[in-house]
Amino acid sequence: MSNIKSSEISDILKMQLKGIDSRIKFEEIGRVLQVSDGVARIFGLNNAETGELLQFDSGDMAVVMNLEEDNVGTVLLGETSKVQEGDRVKRTKRIVSIPMKNGMLGRVVNPFGSPLDGKGPILGKEIDMPLERKAPGVIYRCPVVEPLQTGIKSIDAMIPIGRGQRELIIGDRQVGKTTISIDTIINQKANYETGDPIYCIYVAIGQKASTVANIVNTLKEYGALNYTIIVVAAASDPAAMQFYAPFAGAAIGEFFRDTGRHALVVYDDLSKHAVAYREVSLVLRRPSGREAYPGDIFYLHSRLLERAAKIINNDSVAASMNDLPNNLRGQVKGGGSLTALPIIETQAGDVSAYIPTNVISITDGQIFLETGLFNAGIRPAVNVGISVSRVGGKAQIKAMKKVAGTLKIDQAQYRELEAFTKFGGDMDAVTRATLDKGRKNVELLIQSQYNPLPVEKEIAIIFIGIKGLLSDVPVERVREFETEFLDILEMKYRKDILDMLKQGVLDEKIEKKLNTIASIVANNFK
């Protein structure tokens, strides 16, 4: 037998070992212990994270909500009937997110980015935006000073909204809350056409599919769908989908905000969102508190609404923003904004209930709509007394600030006098004039739905009202006067007056012209 050298043996062994694939892949697999009411308890996923997506063998997905001692509580994103006890579940190691693409504009999607409008797949480069994300820190924000025009006279004049603000729309059912938000979206068409778009996200939570279809058709009819994304979790969808819908809207808005653009997100409505979260929490056996809502219901809405912000206009500072998604790095720009219009439904006008008071305390103001005003034909039915914008005149152009400065006080005085005169008695000339002016201003601020006005026309018509130039026009003909007055301005004075008002200029020369035109038109209505 020939001698074998030890070095040869080691060489042979090394060659043999090189061919061995030692990469062992581990997959954490769990089993469904219990499933009911849209919730599954899973055993065996000891390393699962809160908010992580899990996948069943059937392809259905679930999200981890509870981490308990011997199992994890998850909410199902599909039908409960498709998941059974004993089914295998595996971790995806991905936090729940929405694949954002520029091709999403004009589309109707679910909270996870899947199209619902039957127009085929959504095109464009995909960027995963996490649904849950920390709000920008204080150093990455700047004050709200740029106006977001709603096109609604009473709001733009007395309760102005700025880019980056959170303004609550609150009122009973059927008083025009959704109409205000849709009008605001339609009014952004001019910005889109001039190359300074405000991208709009409308989030429908727990609404009927037919209602959402009507909203889509309205936006399409008025040419607003090109810059709008509609996120839908309908009434027939699982509670988990309704719970995640507003977070999906916020994530889409953050994509525009963090790339230096402007976005507006409407949450319609957060009352149904709170109910969906309560349902999920109760089924997960979380401790309940007031009105059976879980203890963190305030935190649910505060962490959602705090994501609305005006970002500092400095690219290098914005690029270091906290909690940025990795796939967004390198595209971040400063100067963007995300404005939020949450909607809350009250019961019999009770704004002191649990969820309304929570959201009022989180937001930067509220627009309160009243059933009595709506039924009296005063639409939008804004109760100016308890409606407020905490940003105020900072979010108005100079001309609007100048004409609307006294309007809120004037209308409050009118309401007070009107209540007093119901007791009867004689009135002096000043009181009669104040009441007459107040009534005509109320009539001037009435506006039909889906008919937003450009800011320059709002300024012109409010100027006429506060200067008392309608004294010779009967109350019932004020709206006719408004139509004729604005038509004359558009046809003959677009450059001299309207374009100047649009730039915020309202000097003595323009005031004299407006006075003269108003007097001429008023003569036709005596």
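Glycine is treated like the rest: Cβ placed from N, Cα and C.
In sequence order, Phe374 constitute the residues six or more apart from Gln174 (ATP binding site) in its chain with CB-CB distances below 8 Å. The ATP binding site annotation in Swiss-Prot covers Gly171, Asp172, Arg173, Gln174, Val175, Gly176, Lys177, Thr178 and is backed by sequence analysis.
Annotation comment: Swiss-Prot describes Ser387 as site 'Required for activity'. Within the same chain, residues at least 6 positions away in sequence whose Cβ sits under 8 Å from that of Ser387 (site 'Required for activity') are Met158, Ile159, Gly365, Gln366, Ile367, Phe368.
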- Query: Three states by DSSP: which one describes Gln174 (ATP binding site)?
  - Reply: coil
- With a radius of 8 angstroms around the mean position of the C-beta atoms of Gly171, Asp172, Arg173, Gln174, Val175, Gly176, Lys177, Thr178, what other residues of the same chain does the ATP site pick up? Glu345, Leu369, Thr371, Phe374
- Item | For Gly171 (ATP binding site): intrachain residues, at least 6 apart, with Cβ closer than 8 Å | Lys177, Glu345, Thr346, Gly349, Phe368, Leu369, Glu370, Thr371, Ala381
- Message: So if I measure Cβ to Cβ from Val175 (ATP binding site) and keep only same-chain residues at least 6 apart in sequence, which ones fall under 8 Å?
- Response: Leu369, Glu370, Thr371, Phe374, Ala381
- Note on the structure: So Lys177 (ATP binding site), by the Cβ count within 10 Å over all chains shown, scores 26
- Provide the number of Cβ atoms within 10 Å of the Cβ of Arg173 (ATP binding site), excluding the reference atom itself. 11
- Task: Enumerate same-chain residues with a sequence separation of six or more from Thr178 (ATP binding site) and a Cβ-Cβ distance below 8 A; give 'none' if the list is empty.
- Result: Ile215, Asp268, Ile343
